[in-house]
Amino acid sequence: MSKFNRIHLVVLDSVGIGAAPDADKFFNAGVADTDSDTLGHISETAGLSVPNMAKIGLGNISRPIPLKTISTEDNPTGYVTKLEEVSLGKDTMTGHWEIMGLNITEPFDTFWNGFPEEILTKIEEFSGRKIIREANKPYSGTAVIDDFGPRQMETGELIVYTSADPVLQIAAHEDIIPVEELYKICEYARSITLERPALLGRIIARPYVGEPGNFTRTANRHDYAVSPFQDTVLNKLADAGVPTYAVGKINDIFNGSGITNDMGHNKSNSHGIDTLIKTLQLPEFTKGFSFTNLVDFDANFGHRRDPEGYRDCLHEFDNRLPEIFANMKEDDLLLITADHGNDPTYAGTDHTREYIPLLAYSASFTGNGLIPQGHFADISATVAENFGVDTAMIGESFLSHLK
């Protein structure tokens, strides 16, 4: 019998809690990640008030320097710790795959200076369309169409760009490059990025519509991902008949592997929380696992090095936690964590190699305190033990500590 009938895992994308022990091996603009501290530096420079997460025990997590504006709780409502990454990477897919029990020893490739000419030329030859070279770099998806959409409407050139993650994205105006044509180009791009030196996690078709100054991305986005190299705990749950619900980009990250119910992409964090709440309310969801990613922290504020915006985004999530609590059952477990860091005060614009926080809450708890410090995969090991399935490659369960 499961200790918790439902477990809900929410990933606050990039909300790290201090440099990892191996941060000296990871860099931003030539600066090692050793002084990175996403939550700490936001708290220090922008001020941070997250009373609902603080009540669970966020301020009680062991740190060299306490979070400046988040106090410790003498009697928290939950259990907390911080977790270290084992895998050799600090991207979204690596973080999520490890959370679900895998150890990634060969990270995906990222292209901070844009894709090499060899890849661009192959795409041009296949598609019969030129590529706008100025867009070939890490770019905000909305900014890149604002900057190059007018040119694409005139010339029919492709907008090919990347991000901090191992992805190749192609944006195309639906009136200029039909969606089906864009899909075929992306399928080809997927076929040439399956091994080093260009092993990419995802190829993303990014259709949009509108006029210059008023472009809008459409719902015709399509991801061409790779599945995890072996079964994760998601697969083990699904194989055992335990329903799994994906909210946000979780389905894309795992290429649908082990997902029994995809609840769709998020338009924003707020929309993602709405979808999570709707998922919690589903009458058929009496037992199982929900997995939510909220990406605005990372995409809108971490990469853009905007600590005030990041702070406000954290405030927004914290303000909505009571709604999530209100839609949980007494025997539900909520786990709040992250997948990597992205310190908005740090050098460069890339992710940062950090510990991630873990907050555990259930209305059924009679105790509280600290969970032993462990690793990302401990989350999936805990989920696995709760539902009586095998773990994946790595991870130690902390289920017995939740009382």
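Cβ atoms here come from the backbone N, Cα and C positions, even for glycine.
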Which of H222, H351, H375 belongs with D298, H303 in the Mn(2+) 2 site listed by Swiss-Prot: H351
Of D13, D22, residue recorded by Swiss-Prot at the Mn(2+) 1 site of D339, H340: D13
Cβ neighbour count (within 10 Å, all chains shown) around D339 (Mn(2+) 1 binding site): 29
Nearest-integer angstrom distance between the alpha carbons (Cα) of D13 (Mn(2+) 1 binding site) and D298 (Mn(2+) 2 binding site): 6
Residue, out of the binding-site residues D13, D298, whose Cβ gathers the largest set of other Cβ atoms within 10 Å: D298
DSSP three-state assignment (helix, strand or coil) for D298 (Mn(2+) 2 binding site): helix
